[in-house]
Amino acid sequence: MADSAQVPTLVYLVTGGCGFLGEHIVRMLLEREPRLRELRVFDLHLSSWLEELKAGPVQVTAIQGDVTQAHEVAAAMSGSHVVIHTAGLVDVFGKASPKTIHKVNVQGTQNVIDACVQTGTQYLVYTSSMEVVGPNIKGHPFYRGNEDTPYEAVHSHPYPCSKALAEQLVLEANGRKVNGGLPLVTCALRPTGIYGEGHQVMRDFYYQGLRFGGRLFRAVPASVEHGRVYVGNVAWMHILVARELEQRAALMGGQVYFCYDKSPYKSYEDFNMEFLSPCGLRLIGAHPLLPYWLLVLLATLNALLQWLLRPLVLYTPLLNPYTLAMANTTFTVSTNKAQRHFGYKPLFSWEESRTRTIQWVQAMEGSAR
């Protein structure tokens, strides 16, 4: 790829390109990858904003398809140089069955790998998750850890299990011969909690606060820190990895990287208030309003109700044993591996990330300001 610098000859495929992260990757590729000739956006549901991108100098090809269908993935990939595989089913609330989560996240990833081999596509970047590592079901904290920090990654929930299996498939595929005899070069990126424009959970918290008269109620101790990362910096890291994989294949191939930036370490709720407070919302309580034992009881009851009601109705409460453990377990990352391996530096400062996210929240219909 290096010989074609500044010459628009490359074809990229982005799976899940209409999702939260996928959209940011697509838009940033068009802005910051001068070698791009064609950008293929593959998703189960295509978004209307894709049409506005087709007026630019890069050919944007929208492909409606399903990663669980191997022939659709292979057809979309044929002739591509690089694949950024961000398609996946993110579900920690029980909206999808464990079988469906596995089919999309694990079998879908296997289909992408097989399509790389079949079509001779040599470079694969996979969007993994911090949840491949933790927090684990035992509630062990991960404090300022990096990619080599020992940690007991024990999961029982279908989502982190599926992401761990998919990541393993991607890393094990590194070096596999693709059609034409060249080696497949793969790596995986593990974002911590992503935030920014388009984040559905942030949107849900905002409207929840509006329904409660501009108030949110503390449920997690302020001392429980979480690592968060701005979506624009996650997208930027994906683009840098895709750009550098050829020249640094021996170093980067088969590697995992946490996605990180300069966002501050705070509790999940206190971090969200960095954006929601300027939009008129208040967080009530210096300490959790309900004792932890009661939250555990409620989460367990919700899980039981979900199991009992499953034959009749889909019951998907926000509070369940997994989400409670996630919210109440410190998980923060401190690493410079991406900088050392391929020169990553955050494209957006914390101040820029915060401002852009606040402006997005303020633009929502029904703003409390």
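Cβ coordinates are placed from backbone N, Cα and C, and glycine is handled just like the others.
Other C-beta atoms found within 10 angstroms of the C-beta of Y159 (active site, proton acceptor) number 23, with every protein chain shown included. Under the heading active site, proton acceptor, Swiss-Prot lists Y159, citing similarity to another entry as support.
The Cβ of K163 (NAD(+) binding site) lies under 8 Å from the Cβ of G88, N105, S128, S129, E131, V132, each on the same chain and at least six residues away in sequence. In the three-state DSSP classification, K163 (NAD(+) binding site) falls within a helix. The annotation NAD(+) binding site is assigned in Swiss-Prot to K163 on the grounds of similarity to another entry.
What Swiss-Prot lists as transmembrane segment is 289-309 (among others). Cβ atoms under 8 Å from those of the transmembrane segment (289-309) belong to residues 94, 217-219, 315-317, 319-321, 323-324, 328 of the same chain, restricted to positions at least 6 beyond its ends.
Feature annotation from Swiss-Prot assigns transmembrane segment to 312-334 (among others); the stated evidence is sequence analysis.
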Same-chain Cβ contacts of the transmembrane segment (312-334) under 8 Å, 6 or more residues past its ends?
92-95, 130, 134-135, 137, 139-146, 157, 192, 219-221, 224-227, 258, 260, 265, 268, 292, 295-296, 298-300, 302-303, 305-306
